[in-house]
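Take a look at the structure set out below.
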Amino acid sequence: MKSPRRTTLCCMIIVIYFSQATPNLNLESIVHPLILREHELAGKEPLRQKRAVASSRVAAEEYTVDVEISFENASFLEPSKTYLNSLSFPIQGNSTDQATTTILSIEVTTVCRPTGNEIWCSCETGYRWPQERCLHNLTCQEHDGFPAGHRCSCLKGLPPKGPFCQLQGADVTLRMSVRLNVGFQQDLKNSSSALYRSYKTDLETAFWKGYSILPGFKLVTVTGFRPGSVVVTYEVKTTTPSPELMRKANDQVMRNLNQTYKMDYNSFQVVTSNETKFTIVPEIIFEGDTVTLMCETEVLSSNVSWHHVERHSDIQNKSRFSVYTFVLNNMTSISRLTIYNITQGDAGEYICKLTLDIFEYESRKKMDVIPIRILATEEMKVTCDNNPVSLNCCSEINVNWSMVEWKQQGKINIPGNPETDTDSGCSRYTLKADGRQCPSRLGGTRVTYVCEFISEHGARGSKSIEVTFTSVANLTITPDPISVSEGQNFSIKCISDVSNYDEVYWNTSAGIKIYPKFYTTKRYAGGAESVLTVKTVTREWNGTYHCIFRYKNSYSVATKDVTVYPLPLEPNIMVDPLEATIPCKGSHHFKCCIQENEDYKVTFQMDSLSFLAEKEVNGKQVCYKYNFMASSVSRCPKKFNIFCHFTNAANNSVQSPSMKLNLVPGENIMCQDPIIGVGEPGKVIQKLCQFSSVPSSPGSPTGGIITYKCVGSQWKVKKNDCISAPINSLLQLAKALIKSPYQDAKLPTYLKDLSVSTGKVKHEVSSFPGSLGAIINILDLLSTVPTQVNSEMMTHVLSTVNTILSKPILSTWKVVQQQQTNQSSQLLDSVERFSRALRPEDSTVLSINQTNVQMRSVVIKPGHPKAYKQSFVFSDSDLWGNVAIENCQLGNLQRDSSIVTVAFPTLKTILAQDVPGKNFANSLVMTTTVSHNITLPFSISMTFKNINPSGAVPRCVFWNFDLANHTGGWDSSGCYVNKVDEDSVSCVCDHLTSFSILMSPDSPYPGSLLEILLDIISYIGLCFSILSLAACLVVEAVVWKSVTKNRTSYMRHICIVNIAASLLVADSWFIVAAAIHNHYHPLNETACVAATFFIHFFYLSVFFWMLTLGLMLFYRLVFILHDTSKSIQKTIAFSLGYGCPLVISVITVGATQPQEVYTRKNACWLNWEDTKALLAFVIPALIIVVVNMTITIVVISKILRPSIGDKPSKQEKSSLFQISKSIGVLTPLLGLTWGFGLATVFQGSNAVFHIIFTLLNAFQGLFILLFGCLWDQKVQEALLKKFSLSRWSSQHSKSTSLGSSTPVFSMSSPISRRFNNLFGKTGTYNVSTPETTSSSLENTSSAYSLLN
């Protein structure tokens, strides 16, 4: 540059040069002075080279030339710019034969002006300095005011070696359109038509000539035509042109296009999409954020619009949307769309569109909005034990959260310390709660903690955590020291001041848990308590016990020491002899033995005398002896008992079983034996087997009792119930086990030992019936222990059962059966108890197969269980059987119920028969149990091998443990034969109930013809009864005022109403009782007790109200001169009618329910077998029937033969006749009903009594309606008067015969005449009504036959 004060103008000239030689341009004729600089590096293409224009000559080359023009005077600058902008292009340059030069456009790019002592060079619109110049040259930023980060537009001094200002932006594709005002033809839609090609060629030629003046122009292409006249769409690839230059280019297009196309100049439109910078902040958008969408473009225009694509709507300024558009430093257009509290509905594609002249600058961007998702445990339990507990919240998407806040809501305030980890997006809130912050009265209080995540742009997301604070339980235990001796009892009460806990249990100092049956736990408002109760203490209970309340991982423990002093239990003291006969001058040794060597004080006591015993040790057995001398007794013969007393260090004592002593004259003694003793002929004595001649060992003595009888001069064994030493040892261990605090832990090992030992002593079991009975007793004892039995334990149980049911031992069973014991039933009951407690480890079928017993078990899982079908085959016994339960039945079972079926091939021969000599089971015995109670009707199908296809008719039976005074027997109730063929018998078992069980302790078998008949009568009769009683109450309500004119009538109807109401409620409860019982056990025990109580109470109320009615009649006729007020009569009536039944009912339930013998096992009614509680109903009922019958006879006699002076008023006499008639009819009916009911009490009663009782009892309500209500003449007249349309009854002639209005009950009717003739009366009684008064209404029944 020549001088620093000189003004410089730089131009960019686009030249088309038709030549293959290097151009030699002489521009002096255009502008002077000038410096020519050709931006074409050696060996490279020019700076901008456009594609050749189609020509018949040599291809044209396009060049871009930068020209620097310097002015001596700055005033020349603006005129020069104006001149250059006014030039028309193209300009033809010098032409020769070899080359032609054409200038397409001249653009001013850079202007340098003097400023002070410096030259500042700035870019013209659309141009800017290259980045490298801004970095290496001094800029004049304070002049242009551009913010940091923008390229500079002003430099201090023109770069000496260039380059000048360059076009800003990269290549863009302009989507343009223009309209031709000509008619649209369909061929323009077909790109292969001649018209389409002609239009396309002509238009593209004109476009090329016009748009080639644009800087950076590369390409123009016609893309199509559409109707609207003819709209031409085309694309131009270039750099971003200025609007002025675009207008010039459009002018060139107009001039170069044939006028026949009628192009509309005002229809030019330009759309560009890559000139706008579109940004969205933040990148990750949450619901609730404030989001900013910003468009930036170098095009200066404030005409910007925003559009939401999915909503098809333009966005305007409103509540949540704000649009702000401005131009920054006259260089950049910026439009900002702000969306406040954004929602997911705001998500989608947004369009930012800037319009300038014919240009539309469009940019699109899609925006997603996601909710803030916080992950946390929603519920927690925290114990107030001052241990730290952390609440954790984590965001699903980790961003740079601005803040995480924790809040709490609740009755108590327990703050914590928050910690947030920005890297993981998690926040932890650490609590420390102690007993002061959550006292016991607020134990179980819930506090809600909320963690709230806040984004940098305002979105908030929260999660609630429910925390239940539980106080550490403060335990109070029984304060007094506990010292007991074996055989005594003790209890420890542990009280907690907190009612919220997960588990309560007791254990020893060694950490062994106490078996749950020894303690009970209950909670109440503000606390809880657990009581450990031991009824029979053994020395195993000596030690320290811990009462533990657990809540989550927090334990509250209270400790108690129990000291147990050794003392033998009474059953463990073995005495000899059990009974002894001594001559009057003889002597005998008495001894008491125990299996332990402790320091006891032992004395023998006989009457008031006491003798110190002598101790003798023999191995583990210790015996205490005393030699009794008969001479020490003053009188002979004599009988008395001898006991030995054991006293321990705690001064507690226990008394042995008694030893009977008989002093007899010596001449009567015939049998003598040094071991057995002496006795008279026929004398029977018992002796413990270990002290008899049966072989025994001191370490393991023989158990049981052997019975001798003196025959002639020798003792003969009458009955041998001895137990072999190994089995006796197991029996003693079993008795100790059920008293042990660790019985459930010891049980598996014991069952294994029992199985092994029973197998080893199989030959001894077959020799000793007592050993067999001992094993059965062991199984019975152990079956009461477990709450759960696993498959291994069940295998050991069935192994033991298999041994004692083997064929060699069946002969021993016959001996046991002859002794009339129920041990076969006891064995079956024990197996069933074990089966109900069985819990297999998985849902697969558990199968156990032994020679004499087989078992199948399956667990029912929720969903759609398969039908339960199991088969059993015993090849040795040639027996088989199947059991099936349909899947619809299984669906009614509780979740995880287990079904167990056990089959026995030999049990049929040992189970007792129901009637001696008649019915025996002659097939496989199968027992099926379900682990949980069955609440719905259940049906099971079984198939047995038919052993006697041509024999007797088979019966399907089950073993009823309640029969034969609870010894068990075969029962066919609820079971019936479904199918019989040559090979098999198919049975189905189900259970129902019957109406006639009301008084009968024995109900007919369900499924029998009698039971079906009783059911039909019962249900039909009950329907009639309930409807009749309801009708009776309605009638009484309607006619009440009309029929209660005097005191006698009032009290009579009070009684009738209460009789009807009581019987109605009783019948209703009877239906409830039938519905909640399935013949074997109640579906709900509490409901069964309640139903029994109310049935008992209301049926008694019926009788006592009948008694009240009878006594009131007796009072009105016998005590004529005595008059009692209505209120007193009502008080007495209600006290008698409801008070007496209530007292009887309450006493009955209070005396029997604590022992659970209030109701029957097979019906919801008063027990008969155990307590005879049924008599609490039968006796009052029958007494009342007898009293009422007596009153009726007395009253009828008095009315028919009145004494002199007995003249009750006509009105009163009428009411008394009505009462007499009612009692005379009702009481015989009731008497007959309950009389037949009494007959059903006795077992084996005839079926006729059941039928008559059910028939009369079911229709009681109908009888009361007919004879107690509707037969009343006053009731009839009141009803006729109330409902007759003609009201003829109230206007009846005074001389009309009452018999004509009620001919059936008139004394003139044939029936009435016969009854009256029985009492010596003849003729017809007609009653006239001289006046309509209350007296006439009261006397309407005087024409009735009393017995009618």
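Keep in mind that glycine also has a Cβ here, set from the backbone N, Cα and C atoms.
Looking at the stretches 236-256, 299-319, 824-844, 1328-1348, the one that TrEMBL records under the feature region 'Disordered' is 1328-1348. Counting residues per DSSP class in helix, strand and coil order gives 42 helix, 34 strand, 34 coil for the domain 'SEA' (166-275).
Taking H, G and I as helix, E and B as strand and the rest as coil, DSSP gives the domain 'Ig-like' (473-563) the counts 6 helix, 54 strand, 31 coil. If you look at the transmembrane segment (1055-1077), the same-chain residues 6 or more away from its ends with a CB under 8 A from one of its CBs are 993, 995, 998, 1022, 1025-1026, 1029-1030, 1032-1033, 1036, 1083-1084, 1087-1088, 1091-1092, 1094-1095, 1098-1099, 1101-1102, 1105-1106, 1108-1109, 1112, 1133, 1137, 1162-1165, 1222, 1260-1261, 1264-1265, 1268-1269. With DSSP states grouped into helix (H, G, I), strand (E, B) and coil, the domain 'Ig-like' (276-368) comes out at 3 helix, 56 strand, 34 coil.
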